[in-house]
Amino acid sequence: MSLGFAEKLSYKENVGSVGMSEIFDPPHVLQQKINYILLVDTYLDRLHDLDTIVLTIPSIVQWQIENLAALIRKSKHLVAFTGAGISTSCGIPDFRGPKGVWTLQHEGKGVPEASLPFHRAMPSITHMALVALEKAGILKFVISQNVDSLHLRSGIPREKIAELHGNSFRELCPSCGEEYLRDFEVETIGMKQTSRHCKCGARLKDTVLDWEDELPLKELNPAVEQCRMADVVLCLGTSLQITPACDLPFQTLRGGGRVIIVNLQQTPKDKKASFVIHGRVDKVIAGVMHDLNLQIPPYVRVDLFQINLTYRQFPRFSDKKYVNWTLRVTSEHGKNAPLQFVKSVEVSFLDRPNLRAAILLKQPFLLKRQLISTRPFKISLKINFSDGCGCQSTKVEVPVNFQVLADSINHDKDDVIQKLKKTAVQDQCCGQISLVERKNLLPPTKEISIHAIATDFVAYNTYLASTGLSEDIPKSSGYIMRRLKDNINTEMPLKKLKCC
């Protein structure tokens, strides 16, 4: 699947510098720079008066970044400023790297292919580390230039993030200001009207900026305020070329704050930073978390879907009745919204072997039947997940009683999701399912139920250990650098654990 967002952007010939080389210093040069950094560790309060220090971390060596961890540990107001480089390990290409979107377009090669569907991308080690820092009270705010929604999916609270360039999965009501976070990519960009409506009746708009669109004040104003309050702004995976966003981190310099840049390529702002680390962001942040003695939390993705059961009874014979009923499996965002995490639905009937089973292969997942008998029975639905999910399938039972309406249920959705995530973490797998809501409508008789499913689970500490990358995390007891095993691929995608 190609990146729809990049294809939808208006054409712009000059997008800044692209295709810049990624920088890795030789080990002996790296060691000299590390030693120099460590010498100033006791002078952190005067670090901003020193010349810019550039620290490069090759992928084949173990490194020490205790100085960065010390800055973060001592910070009173840490702000993260993130770019496309934190999502490359999620399977999403960056823009200006050697194989970035703008680089390949500049070479006449078109938009690169993503390694998995955009809507199934999972947060990286860096995304989840920022969640841990926020929960620990260290990270106060996140400013993102990305439109992939991974910060929100990871668990950063909406009130603690400014999405400067919008979100491909978020719609906004221009009338009442209500936001809608989707599990599918919104079809337009440039803040145009979409096909859906707000609860207030107004047409919704997408939130992704096109080239000539100005930054929305709702996102820009808190970003400026947070950077001015910050004593440390950590720039992660950004080329710092897009204005005016790239100027925001340096608002902290007015109050004596420091800017740290972690990026594989040089940026136009390197000389303004207190120091620069040229390395893979996931490795750097994993090292920081190790030194801070903070665990990178696992990621659990929860998706929701809706089951609609509609039936109408008609007299057919003098002493019997027949029922026309319809089963529909849809997105919670509406019957016309795509249900992208479901590949097919297998329908069978418990305690009613005379009823023919069915396999629903295309959306909308719809089954129509007619029954003479109205005695109760149960429908078993096997939900087969699409590619990119951590599980293959799960099952849910739907009780059917044409004579008595089921009781309405309305659980708190956030509470259900949190319990589901907790269970997935305890089980170390995904596939769990919970009922969120059930309601009845008349006429015709309709029962609507909304279910939540844990469709992905990743334990990042398990991943680091299983790939050997944990050996690449700095140990606070010394500064010895050891080579990784030659057969370790440091850019391999995160491994998902098998479902239950």
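Note that Cβ sites are derived from N, Cα and C of the backbone, with glycine treated the same way.
TrEMBL lists His165 with the feature active site, proton acceptor. Residues or ranges marked as Zn(2+) binding site in TrEMBL: Cys173, Cys176, Cys198, Cys200. Under the heading domain 'Deacetylase sirtuin-type', TrEMBL lists 58-295.
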Taken over the domain 'Deacetylase sirtuin-type' (58-295), the model's mean pLDDT: 88
Cβ packing number for the residue listed as 'active site, proton acceptor', 10 Å threshold: 21
Separation of alpha carbons, His165 (active site, proton acceptor) and Cys176 (Zn(2+) binding site) (Å): 21
Cys173 (Zn(2+) binding site) and the residue listed as 'active site, proton acceptor', distance between Cα atoms, whole Å: 17
All-chain count of other Cβ atoms within 10 Å of Cys176 (Zn(2+) binding site): 11
C-beta crowding around Cys198 (Zn(2+) binding site), within 10 angstroms: 19
Zn(2+) site, defined by Cys173, Cys176, Cys198, Cys200: further same-chain residues with Cβ within 8 Å of the Cβ centre: Pro174, Ser175, Gly177, Glu178, Lys199, Gly201, Ala202, Leu204
Cβ neighbours of Cys200 (Zn(2+) binding site) where a neighbour is any other Cβ within 10 Å: 10
Other CB atoms, at most 10 A from the CB of Cys173 (Zn(2+) binding site): 19
